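This report concerns only the one structure given below.
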Amino acid sequence: MIIDTTEVQAINSFFRLESLKEVYEIIWMLVPIFTPVLGITIGVLVIVWLEREISAGIQQRIGPEYAGPLGILQALADGTKLLFKENLLPSRGDTRLFSIGPSIAVTSILLSSLVIPFGYRLVLADLSIGVFLWIAISSIAPVGLLMSGYGSNNKYSFLGGLRAAAQSISYEIPLTLCVLSISLLSNSSSTVDIVEAQSKYGFWGWNLWRQPIGFIVFLISSLAECERLPFDLPEAEEELVAGYQTEYSGIKFGLFYVASYLNLLVSSLFVTVLYLGGWNLSLPYIAVPYFFEINKGGRVFGTIIGIFITLAKTYLFLFIAITTRWTLPRLRMDQLLNLGWKFLLPISLGNLLLTTSSQLLSL
C-alpha cells in the first residue's frame, strides 16, 4: 500500500488548523470574562489610591508619594507585601471555614459584576432579573464573614461575624425595596433596560429626580452593606479588635480588604446604573450610543465615551463615600439597627407604595 505524503501533510495541516481554531475559540470566549475582572482589579487599586489621597487632603497631611508617580503603586506594594507574609491558622479553630470565608466574600461580589453594563450592549450577562441577581449574590458575602468569625475560634471574631450578618439583613431589605421601585418605574429588572428607560429625557430622565427618597435610602443602605464608616461596626477596632478578621494574616487578611473595596466599587456602579443614567451622555433626547453610531468607527468611539461616562459617575459616588468616612462619627450597634429597621425600612416601603400607586394611576 502506497501512502501519498502530500495527502498526509494535508491531513496533518488540517488537524493543526482545527486545533488552532479550537484554541482560538476558547481564548476568545475567555476574553470577555477576564477583561472585566482585570478592569475591576485596576479599579480597586485606583480606589485605594484615591482614598489615601482624599483622606490625606481632608486631614491636611501628606499621602503616599514614594511608591510610583504620586504614590499610585502604593496599593500594589501593600498587596505584594501581604502576599509574601506568613499565613497563620488558629490552632483550635475550624481551618476549612477559616480558609473558605475570605474566598466566598470576594467571589460573591465578583459574580455580581456580571450584570453591570459599562456601555451600550457592553455587559457580560443581560438578564431579565439582573438587579435582583446582584442582590441575591451579594447577600452571600456576609455568610463568608460569619464563617470566618466562627472558624477563628475567637469570641471577638465570632461577634464581628454576627454583627456583619445582622447588619446585612437590616439594610438588605430597604435596598431591595428601592431596587423594586426602580424596576416598577422602568417596567423591567434588566440593568440595560433600566439605563435605556432613563435615556429618553436626558438629564431630567434620571431616576435620581423621579426617586429622590429612594436614592437617599439606597445611598445609606449601600454604605451599610459595604461596611463603610459610619457603619463599620463588624470590624471596629475600638470595639471588637478588628472583628471577624482579627485572627487573619497574609493574603487572607488582604482578601477582606479586596472584598470591601470591590463591594464599594460594585455598589457605586449600581448607583450609576439605577439612578444616574448609566453610560448616557445625559443631553436631552440624545444618548451616547445613538449619537456616535454614524459608522463603525463611531460605534467604537461611542463605546469608549460610554465607559468613560459610567466610570466618571461611579467615581463621583466613590468620592462621596470616602469623604463621608472622615465626616461622620461611628454609630453604636443599637443606633445602626434602629436606623435600618425603624427608619429606612418604613421609608423605603412607603416609597414603593407611592411608586406602585403612581404606576397604576398612569395606566
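Cβ atoms here come from the backbone N, Cα and C positions, even for glycine.
Feature annotations, reproduced from TrEMBL:
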- 26-50: transmembrane segment (TRANSMEM)
- 97-119: transmembrane segment (TRANSMEM)
- 131-150: transmembrane segment (TRANSMEM)
- 255-278: transmembrane segment (TRANSMEM)
- 298-322: transmembrane segment (TRANSMEM)
Spatial neighbours of the transmembrane segment (131-150) far in sequence, C-beta under 8 Å, 6+ residues away: 94, 97-98, 100-105, 108-109, 111-112, 114-115, 157-162, 164-165, 167-169, 172, 175-176, 179, 182-183, 189-191, 194, 225, 234, 243-245, 248, 256, 259, 263, 266, 270, 274
Cβ contacts under 8 Å made by the transmembrane segment (298-322) with residues that lie 6+ beyond its boundaries: 43, 47, 50-51, 54-55, 117-120, 122, 219, 223, 226, 228, 264-265, 268-269, 271-272, 276-281, 288-289, 291-292
